[in-house]
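The following features are taken from TrEMBL:
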type     : residues : note
ACT_SITE : SER138   : active site
ACT_SITE : ASP292   : active site
ACT_SITE : HIS322   : active site
DOMAIN   : 60-207   : domain 'Alpha/beta hydrolase fold-3'
DOMAIN   : 247-325  : domain 'Alpha/beta hydrolase fold-3'
Amino acid sequence: QGRFLEKTGLCSQITFGRYVRQGRKLGVDPKLFIQDLQFNKVPVRVYQPKATSDGRRRGIIFFHGGGWVFGSLDTYEKVCRYISRESESVVVSVQYRLAPEHIYPAAYEDCLNATIHFMKDIEHYGVDPANVIVCGDSAGGNLAAAISQNLAGRSDLPKLRAQVLIYPGLQALDFNLPSYQQNRGVPLLFRERAAFFALQYLNGDALHMQEVLEGSHIPPDMRLKYRKWVSPDNIPEKFKVRGVKPLKSTDFIAEVYETVKRFCEPNLCPLLAEDAIVHQLPESFILTCEYDVLRDDGLLYKKRLEDNGVRVTWYHLEDGFHGIISLYDYCGFSFPAGKRGLDSVVNFLKGL
């Protein structure tokens, strides 16, 4: 549909996709006080439970998914309301700038600026400075992981209490990991689309998508360097039983690397951060779905965190697919697995 409209010149695929995903305006929520604000020039929506609280509440900064290209405060309204109500937390949903109009590091900088603003003004929202959590799904999980790494070494701000990463995308070195092979054609995120979104965020276009999918965009010495972190060897065997084959290596193309070399920056691909940073990260919750090209990104990061002594709660949806949480109560239909996933997040938050 989007592609047809693009061919006829009516509108671009991305504009059409945004229109389809924009979400409906919801009525008032009897249990929440909701307001639209700006944190450091970044639009945010703040959800505060109306019920009186004994002490200060936990604060959750939420970054929505959508491949850095789609998604808005409205798209994630139901999810944020649910998290705020059920975990009795103040939730700040961040409307970061989207690609391709605004390329990396725009989204990352917006999320960082909004988070820092909130942490400096935390008392105003009745939030406990020792109980702030960053949370996001998909591209939002990527942003949450990157923000968490940035804040890990800072002494001028309260330490984050936790990070919640819901099927995050954490690397763009290898689009042929087992989960990419097994789930290449599974909605809502096809293998090609994952590379397409990463390139839109990085460069504002999807040139060289084929080379990136084949893996000819990373120099052999770098591939070797990162192999200790991004490798099928670090994925438990039980995840490799469904159709995985070793692939022959492709030739490196230097001019492609020139256009995508920022893929090696941890702010863009958090899985590539050094141990010294990973070691300092807060307690983590990672949700993965079996039928998701990004499953192995989550599994690899789980291993890295655990290897560095970080406490990880892992929740795996055996029957889940990518994007299932964002479909919670979406236009009247919902998936039981999506509700289970969302409740696993709420239970983790309540346990902090």
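Glycine residues also receive a Cβ, built from the backbone N, Cα and C atoms like all the rest.
Where the annotation comes from TrEMBL, it is an automatic prediction and has not been curated.
Values in this document were obtained by computation on a predicted structure and should not be read as measured data.
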Distance from ASP292 (active site) back to HIS322 (active site), taken between C-alpha atoms, in Å: 5
For ASP292 (active site): intrachain residues, at least 6 apart, with Cβ closer than 8 Å: TYR167, SER179, ASN183, VAL186, LEU189, GLY320, PHE321, HIS322
Secondary structure composition of the domain 'Alpha/beta hydrolase fold-3' (247-325) [DSSP: H/G/I, E/B, coil]: 32 helix, 19 strand, 28 coil
Most Cβ neighbours inside 10 Å, all chains, among the active-site residues SER138, HIS322: SER138
Counts of helix, strand and coil residues, the domain 'Alpha/beta hydrolase fold-3' (60-207), according to DSSP: 62 helix, 25 strand, 61 coil
